Amino acid sequence: MASGNCTTPTTFILSGLTDNPGLQMPLFMVFLAIYTITLLTNLGLIRLISVDLHLQTPMYIFLQNLSFTDAAYSTVITPKMLATFLEERKTISYVGCILQYFSFVLLTTSECLLLAVMAYDRYVAICKPLLYPAIMTKAVCWRLVESLYFLAFLNSLVHTCGLLKLSFCYSNVVNHFFCDISPLFQISSSSIAISELLVIISGSLFVMSSIIIILISYVFIILTVVMIRSKDGKYKAFSTCTSHLMAVSLFHGTVIFMYLRPVKLFSLDTDKIASLFYTVVIPMLNPLIYSWRNKEVKDALRRLTATTFGFIDSKAVQ
């Protein structure tokens, strides 16, 4: 338990990824390149969807918001991580730590819910194609987006309240490259029981509800696709879901490994690698996953390139 005269620290010290001096600059260059690619690809996809009329559909509205959350939560984490490679004293203010954690939970919860909404969108498109234009109107899409951001805000508020209940009397050294809840639990001088319960219940509610919606949607999608006689029809139906399934597997697999465990099972060194994957690598991979075999995105990119550079591409104008 915390002592009665315990005061809140004004700063935390982030241990970073490694304390090996010889690795600081190489890692800085690697993650700077990854962050640059992340911003260019996600912001590029946002821009492409905004300007191309062919992509003004519910599926791409959701994808545009997914790119926004990827770019945003990578920006919440990566710049500070890059700074730790260059700074001798790797500090972050107490307020900065709280804000970083709040923003991180807000954006990752938004992504979690977006993946569920995107699964529902694919379910309606494949299982109820005739009703799709009436069900998934632009107004409905934006109401869904607004609702999921609001729910993500509430989840972030609960998590942050759990963090604010903690005291740090004996140590302010966070064994991580950003202010995540598990290393802060490790250095708390007060009981973490209530805070841990809040985080696990709130996090489980959103993660599991997202997974359940995704699973139910894909059960109905598979049952519908099996009934399609045409091989081309089956391929087209499944091809629209492949990218989403890859993104879901990467995101939810890592989140479940990271957070839906009791604190006593945490291994901070292992968690650093897992955290690195979903805070830095996944935001870079998502736009590539969704664009890799997507003919509509490729055609839109050709049209934008043709318009920007003033040349005519026969494929672009089709």
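The backbone N, Cα and C atoms fix where each Cβ goes, and this holds for glycine too.
In the three-state DSSP reading, Cys179 (disulfide bond) counts as coil. Counting only same-chain residues at least 6 apart in sequence, those with a Cβ under 8 Å from the Cβ of Cys179 (disulfide bond) are Phe12, Leu14, Ile92, Gly96, Cys97, Ile98, Gln100, Tyr101, Phe104. If you look up Swiss-Prot, you'll see Cys97-Cys179 marked as disulfide bond.
Residues annotated as topological domain 'Extracellular' in Swiss-Prot, with sequence analysis given as evidence: 1-26 (among others).
Residues 64, 138, 296-297, 299-300, 303-304 of the same chain, all 6+ positions outside the topological domain 'Cytoplasmic' (50-57), place their C-beta atoms under 8 angstroms from a C-beta of that stretch. Taken from Swiss-Prot, the feature topological domain 'Cytoplasmic' covers 50-57 (among others), and the record attributes it to sequence analysis.
According to Swiss-Prot, the feature topological domain 'Extracellular' maps to 80-100 (among others), an assignment based on sequence analysis. Helix, strand and coil counts from DSSP across the topological domain 'Extracellular' (80-100) read 14 helix, 3 strand, 4 coil.
Within the chain carrying the topological domain 'Cytoplasmic' (121-139), a Cβ under 8 angstroms from the stretch's Cβ atoms is held by residues 56, 58-59, 61-62, 217-218, 220-221, 224-225, 237, 240-241, 244, all 6 or more beyond its ends. As annotated by Swiss-Prot, topological domain 'Cytoplasmic' applies to 121-139 (among others), with the evidence given as sequence analysis.
A mean pLDDT of 87 is what the model gives for the topological domain 'Extracellular' (165-205). Residues or ranges marked as topological domain 'Extracellular' in Swiss-Prot (evidence: sequence analysis): 165-205 (among others).
Per Swiss-Prot, topological domain 'Cytoplasmic' is recorded for 227-239 (among others). Panel annotation: around the topological domain 'Cytoplasmic' (227-239), residues 126, 221, 293 of the same chain, lying at least six beyond its termini, place a Cβ under 8 Å from a Cβ of the stretch.
Per Swiss-Prot, topological domain 'Extracellular' is recorded for 261-271 (among others), and the stated evidence type is sequence analysis.
Annotation source Swiss-Prot lists topological domain 'Cytoplasmic' at 293-318 (among others).
Sequence-distant contacts of the transmembrane segment (27-49) (same chain, at least 6 residues past either end, Cβ-Cβ under 8 Å): 17-18, 55-56, 60-61, 63-64, 67-68, 70-71, 74-75, 78-79, 81-82, 85-86, 280-281, 283-284, 286-288, 290-291, 297, 300-301, 304. The transmembrane segment annotation in Swiss-Prot covers 27-49 (among others) and is backed by sequence analysis.
Feature annotation from Swiss-Prot assigns transmembrane segment to 58-79 (among others). Within the chain carrying the transmembrane segment (58-79), a Cβ under 8 angstroms from the stretch's Cβ atoms is held by residues 31, 34-35, 38-39, 42-43, 45-46, 49-50, 100, 103-104, 107-108, 110-111, 114-115, 117-118, 121-122, 125, 136, 138, 140-142, 145, 177-178, 240, 247, 279-280, 282-284, 286-287, 290, 296, all 6 or more beyond its ends.
The transmembrane segment annotation in Swiss-Prot covers 101-120 (among others), and the record cites sequence analysis as its basis.
Long-range contacts of the transmembrane segment (140-164) within its own chain (CB-CB distance under 8 A, at least 6 residues past either end) are made by residues 58, 61-62, 65, 98, 101-103, 105-107, 109-110, 112-114, 117, 181, 184, 194-196, 198-199, 202-203, 205-206. Residues annotated as transmembrane segment in Swiss-Prot, with sequence analysis given as evidence: 140-164 (among others).
Counting same-chain residues at least six beyond the ends of the transmembrane segment (206-226), those with a Cβ under 8 angstroms from any Cβ of the stretch are 109, 112-113, 115-116, 119-120, 122-123, 126-127, 151-152, 155, 234, 237-238, 241, 245, 248, 252, 255-256, 259-260. Residues or ranges marked as transmembrane segment by Swiss-Prot on the basis of sequence analysis: 206-226 (among others).
Under the heading transmembrane segment, Swiss-Prot lists 240-260 (among others). Counting same-chain residues at least six beyond the ends of the transmembrane segment (240-260), those with a Cβ under 8 angstroms from any Cβ of the stretch are 59, 66, 108, 111-112, 115, 118-119, 122, 125-126, 181-182, 199-200, 203-204, 207, 210-211, 214, 218, 221, 271, 274-275, 277-278, 282, 285-286, 289-290, 292-294.
Taken from Swiss-Prot, the feature transmembrane segment covers 272-292 (among others).
Over all protein chains present, the Cβ of Cys97 (disulfide bond) has 23 other Cβ atoms lying within 10 Å.
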